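Engineer: I am attaching a structure below and will ask some questions about it afterwards.
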Amino acid sequence: MQISSSEICELISKKIAKFDIISSMHNEGRVISVSDGIIQIYGLSDVMQGEMLSLPGDKYAIALNLEKNVVGAIVMGEYTHITEGTKIISTGRIFEIPVGSKFLGRVINALGVPIDGKGRIQEEKFLPVEINAPGVIDRQKISEPLQTGYKSIDAMVPIGKGQRELIIGDRQTGKTSLAIDTIINQRNTKIKCIYVAIGQKFSTIVNLVRQLEDNQALNHTIVIVASASESAALQYLVPYSGCSLGEFFRDQGKDALIVYDDLSKHAIAYRQISLLLRRPPGREAFPGDIFYLHARLLERACRVNSNYLKNILGTVNKFSTGSLTALPIIETQDGDVSSFIPTNVISITDGQIFLESNLFNSGIRPAINPGISVSRVGGAAQCQIIRKLSSGIRTSLAQYQELIAFSQFSSELDEITRNQLIHGKKLIEILKQKQYHPMSIAEQAIILFAAENNFLNDVSVEQIIKFEKMLLLFFNTNNSELVLSINNYKRINDVVENQLSDVINAFKLTKCWS
């Protein structure tokens, strides 16, 4: 059977008419080398810094090095399936993480994937892990306190909502415990917490999550993990992912707290990546942009004003604000705060809480050195009652330290000096606090009031801790309305002072602490 040329033309015309061309242009390249989670890609001609690159098997990489003919990228997760010649496709998007309120109470990895075995999390939206910090015009003055529950911090080194306060000290000095207690203290507030674990053992993280559960603090907390067994790429990414989760709450007009534990390991992970990418090393083999690494992360923690929220949410109350408070942790070696990473982060943050091994080993917990611990926000981040009652504590402790040094060279001391030494010892005992026992504003105010108004003069140093315990029990049992009033109004006046004095005098008649 023969087909004429006209029939052939007609068949071809029908086929062409039915043919649906779906064209999609994308930029692709090929892997030319793979080593230690770093891939070198040839052929990607149009790529952004930090862009997400698509790999086979639903995996992704982030472009970090942009050279003339080659792009250097870090693989997020396993890279054993990637070989020379593997096709890489650019996505045109910065790396994003799922965010939402349903992440509260869950443990996730750096990519936002749950690792606690409780099932999938329904995200509300996706946010870039790298985003510019709010500008100066968008920021609100820090004026509201974020209570840690520690007398020594809330009295001497107050932290405000939107502040960046560094926790620094040697290993095993209670840095993580302090941060976890701060999270626990937010259980009765509306503050959402994010704990970022960088380069830690899984056993440590499991114990930490269990402590949060036991203290009813996991429901308002997100734990985001890049453990020591995971790649340097994930350890580098995880604080930025955690920050995006915190910004989600901040930009809804809520208050959030984020703990980075710790940025020393984060810097080491970034150094490893930079050396593998053959970037020129600088001081301590860290790359030249190590300061910018932490600056762009910590600058995202702030308190934003109502105009900023209005641009995001539409209509808001003119007094509405949102905040993200950061508590970065840095581990020092043998108390050396002058090394590269500690000095960098000290210069970025709004103050530091310095924990000393000597104080920790001598039984002073938290082991805060009041001499070099400072909050650059100061009294603006304290409620009125704590600000008034704590005004003389730092001075008294400084005088005590001077007198201790002086008394070592003098065998005879006058009565005034002896009384100052005893008062200083009592203050140190008062500022001691057990782990997982944060205090309310009223409880702190009661103890500080007793110390500042000479109610401890007839209490020996050895009896201080028991005196404090029994005094708080007496208040909570017999004067719960006064305690509730102080917690609600957070102010002190002549009436409150008289009420406190009367109750403490009534308590002292019982002599139940001796």
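Heads up, the Cβ atoms here are built off N, Cα and C, so glycines get one too.
This is the feature table in Swiss-Prot:
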type: BINDING; residues: G169, D170, R171, Q172, T173, G174, K175, T176; note: ATP binding site
type: SITE; residues: S373; note: site 'Required for activity'
Engineer: Only counting partners 6 or more residues apart, tell me which same-chain residues put their Cβ under 8 Å from the Cβ of G174 (ATP binding site).
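Structural biologist: Those within reach of G174 (ATP binding site), by Cβ under 8 Å and sequence separation of 6 or more, are L355, F360, R365, P366, A367, Q435.
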Engineer: Quick one: of T173, T176, S373, which of the recorded positions has the smallest count of other CB atoms within 10 A?
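Structural biologist: Lowest Cβ count within 10 Å among the recorded positions (T173, T176, S373) is T176.
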Engineer: What other residues of the same chain, not counting G169, D170, R171, Q172, T173, G174, K175, T176, have a CB atom within 8 A of the CB centroid of the ATP site?
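Structural biologist: Apart from G169, D170, R171, Q172, T173, G174, K175, T176, the close residues are E331, L355, S357, F360.
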Engineer: If we count other C-beta atoms within 10 Å, could you say which of the binding-site residues R171, K175 has the fewest?
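Structural biologist: Counting other Cβ atoms within 10 Å of each of the binding-site residues R171, K175, the minimum falls on R171.
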Engineer: Could you give the Cα-Cα distance between K175 (ATP binding site) and S373 (site 'Required for activity'), in whole Å?
Structural biologist: 14
Engineer: What number of additional C-beta atoms lies within 10 angstroms of the C-beta atom of D170 (ATP binding site)?
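Structural biologist: A count of 18.
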Engineer: Going by C-alpha positions, which of the binding-site residues (G169, D170, R171, T173, T176) is nearest S373 (site 'Required for activity')?
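Structural biologist: Closest by Cα: G169.
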Engineer: So what sits near Q172 (ATP binding site) in its own chain, CB-to-CB under 8 Å and at least six residues off in sequence?
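Structural biologist: Sequence-distant Cβ neighbours: S357, F360.
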Engineer: Could you tell me which three-state DSSP class T173 (ATP binding site) falls into?
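Structural biologist: Reduced to three states, the DSSP call for T173 (ATP binding site) is coil.
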Engineer: Count the Cβ atoms, other than its own, that fall within 10 Å of the Cβ of G169 (ATP binding site), considering every protein chain shown.
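Structural biologist: The Cβ of G169 (ATP binding site) has 28 Cβ neighbours within 10 Å.
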